[in-house]
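> Could you have a look at this structure, given as C-alpha cells, before my questions?
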C-alpha cells in the first residue's frame, strides 16, 4: 500500500517537486517546478538510515561497467531549456545523464547507476545551474578569478596583460608575446579562460599573428581606433579563422556614426559590448544596433539595473578607466556624453523583452566581476515589479522570465563565442561546470561550485571545528583548485588554427586546450530566449528611446534585492 506524504514534508525531505514554487533570494521572482524526473517512492538520498546504501540505492555495478563518479541528488535544475527536478550524474568530468539515479537491480527506470565508486552531493532543497560565463573581462589582476569563481562564474573570456594602462581601458591581449604569457598564466587558475587579441589594425597580418598565437577572439576598442577600416579588416580575419569579434564603438563619432559602423560590419556576425552606450559606443544611439540580425548584443553590469545611484557613480568610473583628465574640459564632455538616463532605462526593458541577449562584467573597468549573476537577476526583479509578469508567464510563476535571464549569463555567451558544445548549460555530454545554490542565496552566494566534475569552491566553516558548519562560514577554494586536479578540471579556449599549429605544446601548456568553433555562421536567432529584433530610434535631442514606435522608459529603483542583507561587511 502506497504511503502518502504531504507536499510540505516531501519538499523538506526531497526538495520541491512538480507544481511546487520557490522564491529566488529576496526578489519578487518565483519559479515553479515544471517536471520531476525522479520516481516517487524510489527517490535516492544519502545519510544514516537513508537510501544510498549497499544493496539498496547503491548497486554492485563497477565504475568500468557504468557506475558514475558523482551524483547530485534531487536537484532543482534552472536552465534555458527548463526548470525541472532531477538527479544529475557526472562521469570523467562530464555530465553523464540527467534523470533518475539509483540501483537498477531493485529500482525501475534508472538512468544513473550508483555504485561503490560514486560520490554523492545532496541537491535536495537546492537549485542547480550551469556555471556562468563572463565574456567581457579586463584581465587587470589575477585576484578577479577567485572573486568570479566565488560568485558562480566558471568561464572567463577577455583580454589584458595585468594592470597596464591599455588593459585598464581595453579588453585586448595585444600580440603574440602577451598572448603566450597569458596562456601560460592561465595554467594556475581553476577557471576556464580565453584571451582576445587586439583587433584594431588595418594590416591584417597583425591580426593573423595573434589568432595563430592562440587568441580565441579579437577585440575592437575605440581607445585603439575603431574605424570602418579596422572593423572591416578585423572581421575579414575572423571570418577566415572562425573566431568572434567583440566591438566597443566610436563614442565621439569621429570616424563615422552608428550607421557607418553598421555598414562596415556589412552583415557579418559581431558581439557588441555594452550596447546601451554608457560603457562606450556611438553617442547617443549605439543602442539601435540591437535591431540588427547579425549583432549579438550584450550589456555590462554597472548599468544593471537602473537605480538612483547608477548615473552618479558612472562619471568617476569612466574618467579612471579611460585615462581621462578631469582638468581637461573635452575629457569631461567625452565622459558625460556616454551617461544618459534615458538609454540606461531603456536597456532594462530591452533585456526584459529579449532584445539584449548577454550580460557580462567589464571587470575593474567600470564593472564588477563578482556581481554578474546578481545584477542579472536584480534586473529581472526590477522588471517584474515595474512591468508585471511576462506574456509567457502567469500569476503563479516567472519561469519564462527566469529562463530568459539565466540564458544571458550561460548559454548565450557560450553560443556567441563558439564554446556552447562544451559549456553554458546543463546538458548530457557537456563539461560538468555546475553551481549549487540555496534558494535564499540564489544568484548571490553559491553553496558549492563543481568544476570539471570536482568541487572547486564551497561555503565552508572553521577548518578546526568538529563538523564543517561552525562559523565563520564563507566561500573557500576546495581541492580542485590545487595541483594537477586544477589542471584536469579547467580548460583553455584557443583558436583552432593555434591548436593546429601546436601552440599548446610549444608553450608547454598542461591544461586541455579546446578550439572555439562556429562563431561566424550564427546570428541573433541562435541566442536562446533573447532573439527579438526591435526597430530602435533614439531622439538626438532628448535621448528618448523608441522600440517599434513605443517609448521605452522606466523609473530607477531606490532599493534592490540581493544587496545589503547579504553583504554585512
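Using the three backbone atoms N, Cα and C, a Cβ is placed for every residue, glycine included.
The feature active site, proton donor is assigned by Swiss-Prot to 322, with sequence analysis given as support. The Ni(2+) 1 binding site annotation in Swiss-Prot covers 136, 138, 219, 362. Annotated Ni(2+) 2 binding site per Swiss-Prot: 219, 248, 274, in sequence order, evidence recorded as sequence analysis. As annotated by Swiss-Prot, N6-carboxylysine applies to 219.
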> Applying the rule Cβ within 8 Å of the centroid of the Cβ atoms of 219, 248, 274, what extra residues of the same chain belong around the Ni(2+) 2 site?
136, 170, 171, 220, 221, 222, 246, 247, 249, 272, 273, 279, 280, 281
> Going by DSSP, give the three-state secondary structure for residue 362 (Ni(2+) 1 binding site).
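Once the DSSP labels are grouped into three classes, residue 362 (Ni(2+) 1 binding site) ends up as coil.
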> Tell me the Cβ neighbour count for residue 138 (Ni(2+) 1 binding site), meaning other Cβ atoms within 10 Å of its Cβ, over all protein chains shown.
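The answer is 26.
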> In the structure shown, which of the binding-site residues 219, 248 has the fewest other Cβ atoms within 10 Å?
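Among the binding-site residues 219, 248, the sparsest Cβ neighbourhood within 10 Å belongs to 248.
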> Give the distance between the Cα atoms of residue 248 (Ni(2+) 2 binding site) and residue 219 (Ni(2+) 1 binding site), rounded to the nearest whole Å.
8
> Using the CB centroid of 136, 138, 219, 362 as the Ni(2+) 1 site centre, which other residues of the same chain sit with their CB within 8 A?
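Once 136, 138, 219, 362 are set aside, the remaining close residues are 137, 158, 159, 170, 171, 246, 248, 273, 300, 360, 361, 363, 365, 367.
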> Between residue 138 (Ni(2+) 1 binding site) and residue 274 (Ni(2+) 2 binding site), what C-alpha distance do you get in Å?
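Just about 14 Å between their Cα atoms.
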> How many Å lie between the Cα of residue 362 (Ni(2+) 1 binding site) and the Cα of residue 274 (Ni(2+) 2 binding site)?
9
